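Here TrEMBL flags His145 as active site, pros-phosphohistidine intermediate. The annotation ATP binding site is assigned in TrEMBL to Lys30, Phe78, Arg111, Thr117, Arg128, Asn142. What TrEMBL lists as domain 'Nucleoside diphosphate kinase-like' is 22-168.
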Amino acid sequence: MRVHSWLNNNTIIFQRRSPELIQQTLVLIKPDGLAKSLTGNILTKMAETRLEIVACKMVSVSKSLAQEHYKFLKDKPFFNELIEYLQGEFHSRKKVMAMVYRGEDAIGKVRQICGATNPEEADPVSIRGAYGRITTSGVYENVLHASSDEKEAEREIKLWFEPHEIIVDCYPTKVTREVFERVTWEVPSV
């Protein structure tokens, strides 16, 4: 990737950005964020990162998807409530908005805008600091999820998205041939 910057004498200097600096990260706007109609506010705040959205979809979260996403917390006393929270059991919206952001230092930029996982410890100008809360049972209703490191980002992106749903090649893929049924729109007869 080439980037350039202008000097005062109209000379262009080309610099190569290392591909290692380009990262992907998963961001989920959780059911409480959707129920509070915060999607626009969150996307506006996320735009400050100047990262590219390379995938976006609404997802009805199954119990198995929620459990796999949070499997590292399975021994915590709040695990079952956390699963129900991600499934939207406590809110009017039973979906999440799943997105993949991509760009230079994507993980760090997104985590900074999001704020600390615990809304009470988050900077008040961060998304979680402004909109999050902790339930009486200790579940962090922190409005969104963001991957914490590159390994977690890869695992989560592969969990939430199929390769064809992402507009860039983030990770190596392979082509497999499968026979399957597909639901299509019915065309009314004239």
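Here the Cβ of each residue, glycine as well, is placed from N, Cα and C on the backbone.
Keep in mind that TrEMBL annotations are predicted by a computer and have not been checked by a curator.
Here the CA atom of His145 (active site, pros-phosphohistidine intermediate) lies 7 Å from the CA atom of Lys30 (ATP binding site). With a 10 A radius on its CB, Lys30 (ATP binding site) counts 24 other CB atoms from all the protein chains. You'll find the Cα of Thr117 (ATP binding site) roughly 8 Å from the Cα of His145 (active site, pros-phosphohistidine intermediate). Within 10 Å of the C-beta of Thr117 (ATP binding site) there are 15 other C-beta atoms, taking all protein chains into account. Spanning the listed ATP site, residues Lys30, Phe78, Arg111, Thr117, Arg128, Asn142 have a farthest Cα to Cα distance of 23 Å. In the shown protein chains, 20 other C-beta atoms lie within 10 A of the C-beta of the residue listed as 'active site, pros-phosphohistidine intermediate'. Averaged across the domain 'Nucleoside diphosphate kinase-like' (22-168), pLDDT in this predicted model comes to 95. Cβ crowding, taken as the number of other Cβ atoms within 10 Å, peaks at Arg128 among the binding-site residues Arg111, Arg128.
Taking only the Cα positions, the spacing between Arg128 (ATP binding site) and His145 (active site, pros-phosphohistidine intermediate) is 10 angstrom. The 10 Å shell around the Cβ of Phe78 (ATP binding site) contains 14 further Cβ atoms across the protein chains shown. The two recorded residues, Arg111 (ATP binding site) and His145 (active site, pros-phosphohistidine intermediate), show a Cα separation of 9 Å.
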